[in-house]
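Visitor: This is the feature table in Swiss-Prot:
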- 1-25: signal peptide (SIGNAL)
- Asn222: N-linked glycosylation site (CARBOHYD)
- Asn268: N-linked glycosylation site (CARBOHYD)
Amino acid sequence: MSHRRMQLALSLVFILCGLFNSIFCEKQQHSQQHANLVLLKKISAFSQKMEAHPKAFAQELFKALIAENPKKNIIFSPAAMTITLATLSLGIKSTMSTNHPEDLELELKLLDAHKCLHHLVHLGRELVKQKQLRHQDILFLNSKMMANQMLLHQIRKLQKMDIQMIDFSDTEKAKKAISHHVAEKTHTKIRDLITDLNPETILCLVNHIFFKGILKRAFQPNLTQKEDFFLNDKTKVQVDMMRKTEQMLYSRSEELFATMVKMPFKGNVSLILMLPDAGHFDNALKKLTAKRAKLQKISNFRLVHLTLPKFKITFDINFKHLLPKINLKHLLPKIDPKHTLTTTASSQHVTLKAPLPNLEALHQVEIELSEHALTTDTAIHTDNLLKVPANTKEVPVVVKFNRPFLLFVEDEITQTDLFVGQVLNPQVE
């Protein structure tokens, strides 16, 4: 099952290439269907070569982002990226003919694979209901193109996607319109969402997600105070440090030079925080993929006195710029930029003959953690849980996040990473 989720995660590289042919009506419908069939076969064939767990793919993305942004706070959602693009892949599938056995077989495989994402989709909706998450997908289509309305209806139905028609020929006006609409829909002040836009752009996909987890056991607001956070050996900043003492999952790895704690959010979601030792942040990152699972396995419940900074992080990802940098470029079919997909009725053979369209895809994530995560009623209900029993003889382990650290928000049922990030400076959003 995890293998199928990995297939969908990897397929996002190819989905953007195939989306144009599936959304816009062309004169040669026969050609369109066969082109889509070939693209989907390549998605399946190339994805099957990768047998790693979805976490491995998330870590590859993480490494690429860190290489590009070594001194920035980072946060992204592998799950949100996968769900959004997988929904669009259904649009490609829906335009294909199922008259041939091989077409039907591929379609069934894709449907079966999408079932693996149903849990994540359901989880996302539950988090929205619990007011822990806001999620918005917006698809901007070139207003000068004739769109397949049946397909657009399917995308709206499956993903509740906001679809807007826009004229990309006036790039400055289009950039402002996109930023304004996204800000209005996501209730955020977004500046320079798109810095570079081609007037021949066919579509622009914006995926925005905001997460503010509700901890089952809140931090105590009266204990929050200003303290030093060490950005490096020479630089420190004053930040609001939260505190609490409670039983939580704790583990320590001398091999990884890191300490880990895990706290539950409301629902089947948990926050995993990893604190590399001073001077060992880069070393922990290198070993993270192989050692994180081991670190979680050796964890046990301990009484922990936790000190953690309040933070709010916003981070943007441009798919087009990122994907070629995550060691997946060699999996892409080699397409001459001067060619496009066509077919002949006699041979049913797909050849390549004109340029592929310009596409844009952006992923924006915001995450916030504070001591005010719980509602008043829940905070009162759990007040007793925050207190350490007076007769306890256990000495609490002190874990102080006063230097750069890593975070993971994980789905407890599938162990899927909902969010992955690094906090280098809690003062900077």
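Glycine is treated like the rest: Cβ placed from N, Cα and C.
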Visitor: Tell me the Cβ contacts of Asn268 (N-linked glycosylation site) under 8 Å, same chain only and six or more apart in sequence, or just say none.
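Guide: The list for Asn268 (N-linked glycosylation site) reads Leu123, Asp411, Glu412, Ile413, given in order along the sequence.
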Visitor: Need the DSSP three-state call for Asn268 (N-linked glycosylation site) to compare against my parser.
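Guide: Note: Asn268 (N-linked glycosylation site) is coil by DSSP, not helix or strand.
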Visitor: Are there residues of the same chain, six or more positions away from Asn222 (N-linked glycosylation site), whose CB falls under 8 angstroms from its CB, and which are they?
Guide: none
